[in-house]
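Here's the structure, in structure tokens; my notes come after.
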Amino acid sequence: MDNFSPCHGGSVFAVLVGASQVLGLVSVVLTGVWMGHYRGGFAWDGSAQEFNLHPLCMVLGLIFLHGDAILVYRVFRNEAKKHVKLLHGTIHLLALIISIIGVVAVFDFHKATKIQDMYSLHSWCGMVTIILFCLQWVLGLLFFLFPVASSWLRAAYLPIHVFCGLSLLVMAIGTSLLGITEKLLFGIMSTYSQFAPEGVLANILGILLVLYGVALVYLITREEYRRISNPEEESLSVHFKNLTESGLPTTP
């Protein structure tokens, strides 16, 4: 039984990670199908087709890539910590760039069509989320990837960084659900209650986003999937040499 348990746990972990990736990828694909097939495709000309880039970029960047950036600390928990940190920061940077493109697209569309900005709950939640996401990335860069703070300050900030990362993922998914509902009410209000195919597809997208978030939160919060500190890595790190003495956590 002792030999079976780790193998069984590893199998469950692999299945959960695989399921999360399927959920995330299908969510991105469905967003592309929704905007491409039902909403007329994509462009960068101030038209409704430019707006269509907004939901695609936000689902891809602020949800899927954001979630995967967090997940790398679980998937590669036995790899060299410096490499995992670099991958974590790089994926987050890519997610940030794609998300900013999505935000620019919607503001550009509103400007071209003279639509008022920032009046809906979706836009308020979205702006708060993207601003906090930018701040989270900058602080992660300064505290962990290219640390400028003292070791005790980084150790104190680490649990806050982990909590904020997961919270921002939940906020991004919640904001997306608001956006999906808003888009459906604006676009197909007269047929939405009649189970129009576009509405059904968008509803399925929303459910998949929730399931992706649930899978990520489960994987990140399970103690058995947490990265185990490597004493050799800690001894090689001058910046973290006093971290173990304080008894504070050293890995997210």
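Using the three backbone atoms N, Cα and C, a Cβ is placed for every residue, glycine included.
TrEMBL labels come from automatic prediction, so no person has curated them.
Marked as transmembrane segment by TrEMBL: 12-33, 53-74, 86-109, 121-146, 158-180, 200-220. As annotated by TrEMBL, domain 'Cytochrome b561' applies to 19-221.
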Please average pLDDT over the domain 'Cytochrome b561' (19-221) for the predicted structure.
96
Do the transmembrane segment (12-33) and the transmembrane segment (200-220) share at least 3 Cβ pairs under 8 Å, sequence separation 6 or more?
yes
Close approaches to the transmembrane segment (200-220) from elsewhere in its chain (Cβ under 8 angstroms; 6 or more beyond its ends):
13, 16-17, 19-20, 23-24, 26-27, 30-31, 33-34, 38, 59, 63-64, 67, 70-71, 74, 162, 166, 169-170, 173, 176-177, 180-181, 183-184
